[in-house]
Amino acid sequence: MNQLLFERSIGNIDQKHFARLHTNKLLYSFQAAPHHRFDGGEQGVAVYDGAAPRDGAAIDQRRSIWAHQPGVNALALERFEGRLLASGGSDGTIRLWNLEQCPDPHKAHSYKPLAQITRASGGRAASRPGAVTDGQNLQHHRFGVTHLSFYPFDANAFFSSSYDETLKVWATEGARLSGSFALEAKVYSHAASPIASHLLVACATQNPAVRLVDLRSGAAVQSLMAGGQVGAGTGAVLSVAWSPVHEHVLASGAVDGTVRIWDVRRSSALVALLDQEDSLGIIRRRPEQLRGPPPAVNDFQARGIRASARAHAGPVNGLTWTDDGDYIISAGHDRKIRVWDAASGANTLVNFGPTIRNGGLLSMNMFTSPTGLMAGGAGRELLFWPNENEILVLDLHEGTVVRRLRAGAMVGGVAGVRGAGPAGERAVRNRVTSLVWRGAGGFGGSSGAVMGGRNAAGGIYSGHSDGLIRVWMPELDGGDPMAEFGDALEDDGDEGRDMAEQGRKRKAVNQAFRNLMGQLD
């Protein structure tokens, strides 16, 4: 860092290049920030975290802190100021958090909910301070939340979908219900276009059709289905993602392993099927498509699309685009992540190796770093992937693992939790269920292009099936939270002791490295 500052001061590098080089350093240095915790106010006792208590030590019977004790299913973070975080629990509750409650990211802090939305009346969710408990409670989610997202043009509204077959719209102020849409099928995920003038929300449901909900008319106005066309399949749609550059283009992933590309303006909306065996792309194999009017939409053979085209050998439960719209990233139960050229539909053949883990029907909330954020510009994105009990930071175009993010008990994989109610003790497999990027300045784009918010240089927030929301921050010069809060973490149960020990080891290795470098000099 000192060398960068020196080069900048003498004019060897310009301000823009300096910013990108420093951002590179931050992106490659994410680490756990265990001194930031989220307290949803639920009472209970953590029996143990990890595989088992170490060395036969007595089980810590003190009260533990959870964001959602039954488990966190979904997270969403607004991209304008990087201030509001929404979390959804497996019990149907939703909580809003103000990330600016803590002015100094180096200081320990327990976040309290800004607002709470309880489960619909008749559920087990009890009323708590700050919770919405009026007559609207009857219209809240009855089952687990599957996906959350903020309105793409304003942080004053957000969407939620649930296993109770509904999509709901909420006002952020006061966590008030603004609208509810019954889709008559489980909703696994949803997406609103980050650039479109239309107000269509695409929903991936248990039915084989993608449902489009029009917020203006308040109705599900269209169903996108490939029935009767070559390549049509059956089974649920698990993931949807709008193009960040073409407002009417939508991608969907289904249980049958297909990734379909739609143009919602067409009566026959299906445009293409992505094919894992196609490394050339439709345009390169059929250059005549660039000349004259295109053939009929259902004439797939004339357009060079195989009838049996599949993007994955298993259900596709993860889809996203790079911010510039040049690439589509898909993930399936075949434990493969594939990167596609959005212009041609070609499989770029990036190999991420055997480390990828994927399972379950919940949509996988992977994301890429904003385009142009890193030195080198476009084509230098990182992919952040929730890999069972760890987070992988991957080079999007090389497939290499840049960093593995793990925190204490995440390695053990199982946590025992004793609730306050009559349910007693339960065993929970610790798994990363959701992942969000903290960025700001997202006006006119698909993500916050500026790392972090007003009170932090950057951040990644992960939801877990053990009920915790964990925080990951870039390492800043002069601040190592594991070393600084080692003594406090020692008193925080098995996970805290693991984190403190990890901090001590890192400090010892760094000191040995400095001593060695001093001797070599």
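Even glycines carry a Cβ here, placed using N, Cα and C.
All TrEMBL annotations are machine predictions without curation.
The annotation region 'Disordered' is assigned in TrEMBL to 487-508. Marked as repeat 'WD' by TrEMBL: 65-100, 138-170, 230-272, 309-350.
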Intrachain neighbours beyond the repeat 'WD' (230-272), with Cβ under 8 angstroms and 6 or more residues off its ends: 186, 188-198, 200, 202-210, 212, 222, 224, 282, 297-298, 300-301, 303, 305-325, 328, 330, 332, 334, 340, 342, 345, 361, 363-364, 445-446
The repeat 'WD' (138-170): DSSP-derived helix, strand, coil residue counts: 2 helix, 17 strand, 14 coil
Number of helical, extended and coil residues in the repeat 'WD' (230-272), per DSSP: 0 helix, 20 strand, 23 coil
